[in-house]
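> Can you keep this structure in mind? I'll have questions shortly.
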Amino acid sequence: MKSTIGEAISITLFGESHGNGIGVLIDGLCPGITLDMDYINHQLTLRKPKGRISTARKESDEMNIVSGYFDDHTTGTPLCILMENSNTRSKDYSKTKDLMRPSHADYTANMKYLGFQDYRGGGHFSGRLTAPLVAAGSICNQILKKKGILIGSHLKQINNLVDDSFSQDEKELIQQIHEMNHAYFPVLNNKKQEEMIQLIEQHANDGDSVGGIIESTIINLPAGVGEPFFHSIESVLSQLIFSIPGVKGIEFGLGFDFVNHTGSEVNDTFYMDKEEVKTKTNNNGGINGGISNGMPITLKTVLKPTASIYKKQDTINFKSKEDTVLQIEGRHDPAIVHRARVVIDSVIAIGLLDLLTQRYGYLWMGEE
Ligand SMILES: Cc1cc2nc3c(=O)[nH]c(=O)nc-3n(C[C@H](O)[C@H](O)[C@H](O)COP(=O)(O)O)c2cc1C
Ligand SMILES: C=C(O[C@@H]1CC(C(=O)O)=C[C@@H](OP(=O)(O)O)[C@H]1O)C(=O)O
């Protein structure tokens, strides 16, 4: 029952949506790093709910760093960040306590924790826990950024509306990553952005929800990063990304579309670009044998439509063991895709910093 992930850099996540607070413990950071608090807060803002496309619950997500940071530097000892829960409305959950929300973790948590779990607001299984995850990931991300390694994501699809794809041209891609990293609702095609927002609002008005796909890319990751056998880049990133509530699928590079092609169509052939080894195509998403080949890492993640909808749904009363009908109250996201984007970027940063530290040693983190 460990809530910890990682080898050289490890992250422990704790808390419940309606408990006193939530937090994260980061172990393995190099001493002497000055944290860019503005950057971390900017990342946290990208995860915060906004407008009718998000939950009405508003939390400050203010960070309280209680250990591992002294005199504006990391000490190298475990760094612990706490955040308060203050805008809880637990009465929304008391009435329906025994009614299991379809597709949420109420039933499975009851089975695992024998009924002793904090059920309020999805408890430990709430998307609320992704706030400290973003704080930890943003620390890792700022270290990667200093090394020139950039991570960026956009909303590739919301329900049936599809955005453009990231550019294949390096200069244009860097520009797109910067733009997406500053946008609250990151879509490459401005026209699609408006349509997507309207679609989410429309379903929210109907008491329903929608899902979507996030496309992510990582550039300037040197070739040779990734560990055998179970710590391939795909394995490490997938485990982290699948830990995000609501994620139901991931593909790297061409992913499931590989099935529609022959080897001669999709093999990424090599060539020399002056002194650099490159591939003409990047169908493998920058990874061969679980190890980076120096091309951009590309992946897509699918998030399901939010489980808690306001339409009436069939369910069971867990206590009386009867079929019943559930009408959810409370404040929920009609789509979680836009808020989950920065969570994905953050866990990618955690996984990559872990693998890079395994390759280059932990003092590498602090080297200019
Ligand atoms: C940022 C974020 C916000 C979320 N908001 C909600 C929400 O308001 N209502 C809800 O039912 N699920 C929400 N979820 C998803 C649930 O937490 C998730 O579906 C649930 O824990 C069950 O896990 P699973 O979908 O991975 O099986 C959110 C997830 C994230 C990442
Ligand atoms: C509070 C946040 O998101 C919550 C994620 C969530 C869920 O079921 O995942 C349900 C809602 O809250 P509550 O737990 O009060 O029902 C969301 O508001 C947050 O992300 O900070």
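Glycine residues also receive a Cβ, built from the backbone N, Cα and C atoms like all the rest.
Source: prediction; values computed, not measured.
Below, the features straight out of TrEMBL:
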{"type": "BINDING", "residues": "ARG47, ARG52", "note": "NADP(+) binding site"}
{"type": "BINDING", "residues": "HIS124, PHE125, SER126, GLY289, LYS304, PRO305, THR306, ALA307, SER308, ARG331", "note": "FMN binding site"}
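Are these features on the surface or tucked inside, and what are their neighbours?
Here ARG52 (NADP(+) binding site) comes close to ILE200, GLU201, ALA204, PRO334: these same-chain residues lie at least six apart in sequence, with C-beta atoms under 8 angstroms from its C-beta.
Annotation note: SER308 (FMN binding site) sits in a coil segment as assigned by DSSP. Of all Cβ atoms in the protein chains displayed, 22 besides its own lie within 10 Å of the Cβ of SER308 (FMN binding site).
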> SER126, THR306: which of these binding-site residues has the sparsest Cβ neighbourhood within 10 Å?
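Taking SER126, THR306 as the binding-site residues, the minimal 10 Å Cβ count falls on SER126.
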> In three-state terms from DSSP, label SER126 (FMN binding site) for me.
coil
> When the Cβ positions of the binding-site residues ARG52, HIS124, SER126, THR306 are compared with the atoms of ligand 2, which fall under 6 Å?
SER126
> Under a threshold of 6 Å between Cβ and any atom of ligand 1, which of the binding-site residues ARG52, HIS124, THR306, SER308 are retained?
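Correct list: THR306, SER308.
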